[in-house]
Amino acid sequence: MIERSHHELRKAFGDLLQGHVCKFAASVFDPISVRMASDLGFEVGIQGGSVASLQVLGAPDIALLTLDEYVEQVTRVGRASQIPVIADADHGFGNALNVMRTVSELQKAGVAALTLEDTHLPARYEEQSPVLIGEEEAAAKIYAARFSRSDDSLSIIARTNVAATTLEDSIARTAAYEKAGADAICLVGVKDFHHLAALTEHLTTPIMLINYGNPALCDVEKLSAANVRIVVNGHAPYFSAIKSIYQALREQSGSQGPELSLPELISKYTRVESYREWTKTYLKVGHDSPCGVTPRGPQLCN
């Protein structure tokens with residue numbers, strides 16, 4: 001088998017963005033899962049930051065993971081992958097200068113693309129999440145990311161949460177990110193095709209959706225026609241693995257341990273209640289989410 005180089009995988013991802021068909025990204029998290037994804041016909045994968053947080057820390061997705069810890073996980077995937085892999089680079093692990101370091105490290109790890117989001121992370125004292133950073137600061141991160149890549153085929157994807165602000169602000173933000181040279185725009189929180197059209201009619205840059213399996217946005221032909229090239233439907237493979245591990249350990253132990261649902265398993269073994277209490281105590285922020293204390297939506301989705 002002739003293996004494709006990281007540069008070739010990046011070129012393949014660029015071709016996908018410039019194509020005419022929407023592709024669904026496989027949620028991958030280790031060498032085995034990315035090889036499975038390739039064999040099952042996926043043309044692109046994504047290493048979710050929330051999944052890496054679970055793997056490394058057993059913690060909710062609240063920006064506790066360090067850059068080095070994330071890069072270690074991505075490197076393991078990058079070594080084995082023969083499909084392009086997108087890295088979830090969160091907020092770039094800091095300001096625009098931190099973004100430059102993040103791009104350099106993830107490029108060496110072998111990713112084909114990375115997303116940079118405009119969410120303010122980690123959450124600040126007494127700050128109700130999610131809060132977006134300023135448009136100019138976010139655009140500066142895109143400029144810095146493009147400047148710091150040594151392989152121009154590495155795609156920089158600007159990510160924004162449209163549910164965290166107004167339609168008008170989202171339009172202004174995505175226009176600024178396109179002007180800054182983002183290779184694609186990633187949207188979180190899109191409601192339906194009407195909402196998608198309103199958000200993207202001013203853009204020529206390819207679109208990526210974090211969709212969570214939204215039934216109102218599942219028509220591949222319509223997605224393709226709307227210039228959507230990548231859809232991420234959450235990280236079901238890893239969560240299914242958690243459920244299977246618990247069941248297998250129950251059987252091996254011969255224990256009469258309780259039958260726990262997936263949300264119950266996640267809550268118990270990521271210590272969600274403890275993090276919620278610590279957040280209230282030390283950040284003076286209350287959280288009502290039943291899935292966790294993540295500032296970016298349901299823990300079970302991303």
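Here the Cβ of each residue, glycine as well, is placed from N, Cα and C on the backbone.
Record note: Swiss-Prot gives Ser50, Arg159 as substrate-binding, and the candidate from His6, His235 in that site is His235. Following the DSSP three-state reduction, the secondary structure of Ser50 (substrate binding site) is helix. For the pair Asp88 (Mg(2+) binding site) and His235 (substrate binding site), the Cα-Cα distance reads 12 Å.
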